[in-house]
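Report on the structure given below.
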Amino acid sequence: LIISFVTLGISGKSQLLFALVFTTRYLDLFTSFISLYNTSMKLIYIACSYATVYLIYMKFKATYDGNHDTFRVEFLIVPVGGLSFLVNHDFSPLEILWTFSIYLESVAILPQLFMISKTGEAETITTHYLFFLGLYRALYLVNWIWRYYFEGFFDLIAVVAGVVQTVLYCDFFYLYVTKVLKGKKLSLPA
């Protein structure tokens, strides 16, 4: 019952894009072994992504709002694919796919935000989900600062994509703080 309620405001297209992100990012499972923990977590990310897609499109299909989830994902996938061929660290298949996953993750939330803008409002549980999804990505910024300061590591591709994604969340964060945290339902200004 709670899962069927949760799928009501969730964009299946965003979830499909996240599944594609983790699939293309973790293809190194077949070429390199780092640790049992690393391998397990990559498999869990991929499995949970596809399980979420299954739940939205199959198990709880009746609660999925396909009428409002109309963002055309090809407008994201095609440019991101082209950019990953042009701007990457190494022109090899795994590196291009990793770069594709980084770029795609930065814009994968757009179908969800588009869906909210189309309906004009979102359920409280959906807004909490989106807030923590954005917070997860914003914490990457802290991680990059930490790694640069203590390890001297800097990955321009990941940083630029992360900043783009965090900027996409800024308007949502503002609405979350000014409405949802005050007990009001998130509704967009008319």
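Each residue, glycine too, has its Cβ placed from N, Cα and C.
Per TrEMBL, the features are:
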{"type": "TRANSMEM", "residues": "16-37", "note": "transmembrane segment"}
{"type": "TRANSMEM", "residues": "43-60", "note": "transmembrane segment"}
{"type": "TRANSMEM", "residues": "97-117", "note": "transmembrane segment"}
{"type": "TRANSMEM", "residues": "129-150", "note": "transmembrane segment"}
{"type": "TRANSMEM", "residues": "156-177", "note": "transmembrane segment"}
Determine whether the transmembrane segment (43-60) and the transmembrane segment (16-37) share at least three Cβ pairs under 8 Å, counting only pairs 6 or more apart in sequence. yes
With a Cβ cut-off under 8 Å, give me the same-chain residues at least six positions beyond the ends of the transmembrane segment (156-177) that come close to it. 87-89, 99, 102-103, 105-107, 109-110, 113, 116, 127, 130-131, 134, 137-138, 140-141, 144, 186, 188
Could you give the residue numbers and ranges of same-chain residues that sit at least 6 residues beyond the transmembrane segment (97-117) on either side and whose C-beta is under 8 angstroms from one of its C-beta atoms? 9-11, 13-14, 17-18, 20-22, 24-25, 27-28, 65, 68-71, 73, 76-77, 80-81, 83-84, 87-89, 126, 130, 133-134, 137, 157-158, 161-162, 164-165, 168-169, 172, 186, 188
